[in-house]
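What TrEMBL says about this one:
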{"type": "DOMAIN", "residues": "6-122", "note": "domain 'Response regulatory'"}
{"type": "MOD_RES", "residues": "ASP57", "note": "4-aspartylphosphate"}
{"type": "REGION", "residues": "227-246", "note": "region 'Disordered'"}
{"type": "COMPBIAS", "residues": "236-246", "note": "compositional bias 'Basic residues'"}
Amino acid sequence: MSSLIRIGVLDEQEVVHFGLRACFSALPDMVVTGGYFRTDSALHAIEQGGIDLLLMDPLLRCQGSLDFIRSLHIHYSKLRILMFVADPGATAASMLLNAGAHGVVSKRQPLGDCIQAIRMLAAGQHFCGPDMAGVEASSASALTRTHDAEAMLLSLPTLSIREREVLRLCIGGLTVTCIAARFGRSSKTVSTQKQAAYRKLGLKSDMDLFRRLARYGIESSGPSIAGESTSARFTAVHKTHAPQSS
């Protein structure tokens with residue numbers, strides 16, 4: 001990475017773009033080369049090689065943030081990914097790091113912390129804010145186990161193909177409305193499929209799903225519980241909702 005850090009900002013709030021540009025413009029070692037409101041726009045810039053570091057808010061409506069992070073981690077290994085979160089927390093940070101992010105900084109922290117995080121990531125290091133202390137070490141060992149619990153949930157034989165794909169996208173953080181739009185189905189149909197999958201898994205709400213996946217994700221590997229592996233991923237930064245009624 002060159003001495004000048006080229007930053008792409010992916011956030012749905014225009015005020016965030018404006019504020020970060022104004023802040024970074026006074027710094028000699030970094031520049032905002034692009035501001036994006038959608039993942040596809042950011043991906044285009046990344047493909048063109050115009051970004052060294054992506055500063056990203058994970059709360060992107062209907063855009064599958066976790067899948068996007070995983071894809072970037074796999075296909076653009078030189079890109080550094082810094083999550084810019086509104087609600088900090090160790091569990092949320094762990095899930096984001098497990099998906100492939102290199103750092104997590106809170107929007108509630110001083111901008112100096114964000115600047116420090118950018119410089120650390122550019123130097124090949126990782127960063128977690130003070131509210132997320134201890135996450136990095138635990139995430140390193142959890143990373144090798146991050147797919148297991150989701151795979152076990154999705155492999156339940158009684159799930160139909162459509163229930164399985166709806167569940168996978170729910171785990172990825174998409175809402176019923178977003179899933180319906182993606183597949184061209186009604187929200188009522190998707191909600192019914194989601195609730196059917198939850199019943200088969202013994203779940204009553206998104207919070208139940210989060211708790212199960214998060215618990216397995218932060219435990220060390222060991223004997224399975226109810227036939228499931230002790231690892232998972234889920235995004236706590238997406239606000240949880242109870243399954244929508246049909």
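Backbone N, Cα and C atoms are what each Cβ position is placed from, and that goes for glycine too.
TrEMBL labels come from automatic prediction, so no person has curated them.
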Under 8 Å by Cβ from the residue listed as '4-aspartylphosphate', counting only residues of that chain that are 6 or more apart: LEU10, ASP11, GLU12, GLN13, VAL16, MET83, PHE84, VAL85, ALA86
Secondary structure content, the domain 'Response regulatory' (6-122) (per DSSP, counts of residues): 53 helix, 26 strand, 38 coil
